[in-house]
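Written out below as structure tokens is the structure these notes cover.
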Amino acid sequence: MMIARMETSATAAAATSAPRLRLAKRSLFDPMIVRSALPQSLRKLAPRVQARNPVMLVVLVGAVITTLAFLRDLASSTAQENVFNGLVAAFLWFTVLFANFAEAMAEGRGKAQAAALRKVRSETMANRRTAAGNIESVPSSRLDLDDVVEVSAGETIPSDGEIIEGIASVDESAITGESAPVIRESGGDRSAVTGGTVVLSDRIVVRITAKQGQTFIDRMIALVEGAARQQTPNEIALNILLAGLTIIFLLAVVTLQPFAIYSGGGQRVVVLVALLVCLIPTTIGALLSAIGIAGMDRLVQHNVLATSGRAVEAAGDVNTLLLDKTGTITLGNRQATEFVPINGVSAEAVADAAQLSSLADETPEGRSIVVLAKDEFGLRARDEGVMSHARFVPFTAETRMSGVDLAEVSGIRRIRKGAAAAVMKWVRDHGGHPTEEVGAIVDGISSGGGTPLVVAEWTDNSSARAIGVVHLKDIVKVGIRERFDEMRRMSIRTVMITGDNPATAKAIAQEAGVDDFLAEATPEDKLALIKREQQGGRLVAMTGDGTNDAPALAQADVGVAMNTGTQAAREAGNMVDLDSDPTKLIEVVEIGKQLLITRGALTTFSIANDVAKYFAIIPAMFVGLYPVLDKLNVMALHSPRSAILSAVIFNALVIVALIPLALRGVRFRAESASAMLRRNLLIYGLGGLVVPFIGIKLVDLVIVALGVS
């Protein structure tokens, strides 16, 4: 009743208060971000910034050289030559600036999110509890690790912490953007609270778990702003490839001049620099950083924060998904629907024992048992706090049981309720022998996709015995089978993790369409499965929210922790889902794959379009010496100068044209790697060959029409 009353009041409170902030989707060219990116493009011309990108550093050096050559020859050259030299130098500068603009646009989206988050991180007064039990009001900036604070309805939680006392409805819209309030309470996996969120009802006592400057919001700001961004292994490898190609083309251009001089047609520095810049992979070199930053930003748009680009890349390479059954594959509101007694025991007796054993069970299933016993048999829920003769045994993932030890006149009566295998073992360990009838009931419920919880008791004067079974029902989510079919087409193996017995797990696994399942799983089993998969050369992704999930989250290549989870879980994972939706793991993998596909597609396009620029510049450079080279002028460009200038201008403009694709990402489809490769080679490989021929010709026509050439 208390929970129902609190949820009602929370809903009413939420109705009157709109969310203050959400990690909202922004348009691709948000005017505010564009205005911020323009000056950043100029600041990024600093050599120390350009040094991180070897390709663009070469372009920058080329722009400086051509500018100096233009200024040197300004007085001695003809007007036409000066226009040519000036335009080449200008568009080399534009090439660098466009690359800087792409990176600044990607960074700007994160900085806009960070600016909004800083509004949440405001100084508040906290009611700190002293060692003597008194309350003192202190600024939130003075709170230390393990301080204890009291937060009442209407007050802002001053810092990250764990609830150690009480239950409350909390408005987390400042973090998640979700206006509906959530329940936070002491104990279990819903005890973590975040600084900057607001208590809507009741009162809680919170133990501070974060040092100043290391709160969840501080880490969010650092992540979305890119302060913690480092190059990923794939980016480093691609940079090495691009640097190698740049060196090869640099050597080719340097050695070309002696041959040209020997042939009697030495080339000017401006022409040689133009050739070099057009041949090196400037397109992907200009967009590489933006692609990586935009990939992390797409996660932010889905309310997922990654600790690094490495985590996003790993998501794209994942080939095993570990998915918890409850809440991910099924709706997660598994409810008790029936008490099934064995012969000689009444259903009411089973309900009474099941309810007693569930009083300390804070899981949704445990609470549903208490409610069902009350509804079916009028058994009033007893408050564990006033049962002085009882010692409650809480549910844990390790024991997979909960229960109570009652001090009665005849002795100690011990009641246990939980997973069939765990309770059966408990019965055998205490002298009992589970009957075939219990096994038949368990198998019948399991084969129908339900979850059986066995109820057993043991008194001092007799052996332990099973007295009945609680039938829990859950529903597989609509459309989840189709999502798993998509994963299978991408050669991703799906494994369902559940605490259910093998029969129940098998029935649900078949209905959902997963490739495999792990039944009666403990945290140790989950960790062992991850290690086995990794030893086989597979990358593993999983979700978790509890402290017992922390080792597995840390071991997994992609560990997505729920924002509603414990502090330990959030620190162990390399991603945090602000919506606490386990199903989102599938979307995380798709975003990771989209990042890798985008990078590969634009790399293919960048290298392929060098062919057209080769056909434009090489004939133009030497057609005077070797007229036969005019046959290579397949685009029928107007003159050698217009050919070189057209290639340089196109080389700069194509970067601008591809910025939306770099930020938005290549369209993702669930298909096999070979099909994906064929499609991208056709679109971006063939496109990289054809588009430059058309683009350079169009630029040439414009140059001629303007009388520049």
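The count begins at 1 with the first shown residue.
Just so it is clear, glycine is given a Cβ too, placed from its N, Cα and C backbone atoms.
The Cβ of D324 (active site, 4-aspartylphosphate intermediate) has M496, I497, T498, T543, G544, P582 as same-chain neighbours under 8 Å, each 6 or more residues away in sequence. Annotation source Swiss-Prot lists active site, 4-aspartylphosphate intermediate at D324, citing sequence analysis.
For A397 (ATP binding site), the number of other Cβ atoms no farther than 10 Å from its own Cβ, over all displayed protein chains, is 16. The annotation ATP binding site is assigned in Swiss-Prot to D361, E365, F395, T396, A397, E398, T399, R400, M401, S402, K417 on the grounds of sequence analysis.
As annotated by Swiss-Prot, Mg(2+) binding site applies to D545, D549, with the evidence given as sequence analysis. Under DSSP, D549 (Mg(2+) binding site) is assigned to a helix (H, G or I) in the three-state scheme.
For the transmembrane segment (55-75), the residues of the chain that approach it from at least six positions outside its boundaries are 45, 47, 81-82, 85-86, 88-89, 92-93, 95-96, 99, 242-243, 246, 250, 268-270, 273-274, 276-277, 280-282, 284-286, judged by C-beta separation under 8 angstroms. Summarising the annotation, Swiss-Prot assigns transmembrane segment to 55-75 (among others) and lists sequence analysis as the type of evidence.
With a threshold of 8 Å between CB atoms, the same-chain residues lying at least 6 positions outside the transmembrane segment (86-106) that come near it are 29, 33-34, 36-38, 40-42, 44-45, 50, 53, 56, 59-60, 62-63, 66-67, 69-70, 270, 273-274, 277, 282, 285-287, 289-291, 293-294, 297, 644-645, 648-649, 651-652, 655-656, 659, 662-663, 708. Per Swiss-Prot, transmembrane segment is recorded for 86-106 (among others).
The transmembrane segment annotation in Swiss-Prot covers 236-256 (among others). Long-range contacts of the transmembrane segment (236-256) within its own chain (CB-CB distance under 8 A, at least 6 residues past either end) are made by residues 53-55, 58, 267, 272, 275-276, 279-281, 284-285, 288, 599, 603, 607.
Annotation source Swiss-Prot lists transmembrane segment at 269-289 (among others). Nonlocal intrachain contacts for the transmembrane segment (269-289), taken as residues 6+ away from its ends with a CB within less than 8 angstroms of a stretch CB, comprise 52-56, 58-59, 62, 65-66, 69-70, 84-85, 88-89, 92, 95, 98-99, 102-103, 106, 235, 238-239, 242, 245-246, 249-250, 252-253, 256-257, 599, 602-603, 605-607, 609-610, 613-614, 616-618, 621, 644, 647-648, 651, 654-655, 658-659, 662.
Under 8 Å from some Cβ of the transmembrane segment (615-635) lie the Cβ atoms of residues 260, 263-265, 267, 271, 274-275, 278, 641, 643-644, 646-647, 693, 696-697, 700, all in the same chain and six or more residues away from its ends. The transmembrane segment annotation in Swiss-Prot covers 615-635 (among others), and the record cites sequence analysis as its basis.
The transmembrane segment annotation in Swiss-Prot covers 643-663 (among others). Using a Cβ-Cβ cut-off under 8 Å and counting only residues 6 or more beyond its ends in the same chain, the transmembrane segment (643-663) has close neighbours at 28-29, 84, 87-88, 91-92, 94-95, 98-99, 101-102, 105-106, 109, 271, 274-275, 277-278, 282-283, 286-287, 290-291, 294, 297, 598, 602, 605, 609, 613, 616-617, 619-621, 633, 635, 637, 691-692, 695-697, 699-700, 703, 708-709.
The transmembrane segment annotation in Swiss-Prot covers 688-708 (among others). Residues 83, 87, 604-609, 611-613, 615-616, 634-638, 642-643, 645-647, 649-650, 653-654 of the same chain lie 6+ residues outside the transmembrane segment (688-708) yet bring a C-beta within less than 8 angstroms of a C-beta in it.
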Across every protein chain in view, the count of C-beta atoms other than its own within 10 A of the C-beta of D361 (ATP binding site) is 25
Nearest to D549 (Mg(2+) binding site) by C-alpha distance, among the binding-site residues F395, A397, T399, M401, K417, is A397
CA pair D545 (Mg(2+) binding site) / D361 (ATP binding site), Å rounded to integer, equals 17
In whole Å, the longest Cα-Cα distance within the recorded ATP binders D361, E365, F395, T396, A397, E398, T399, R400, M401, S402, K417 is 17
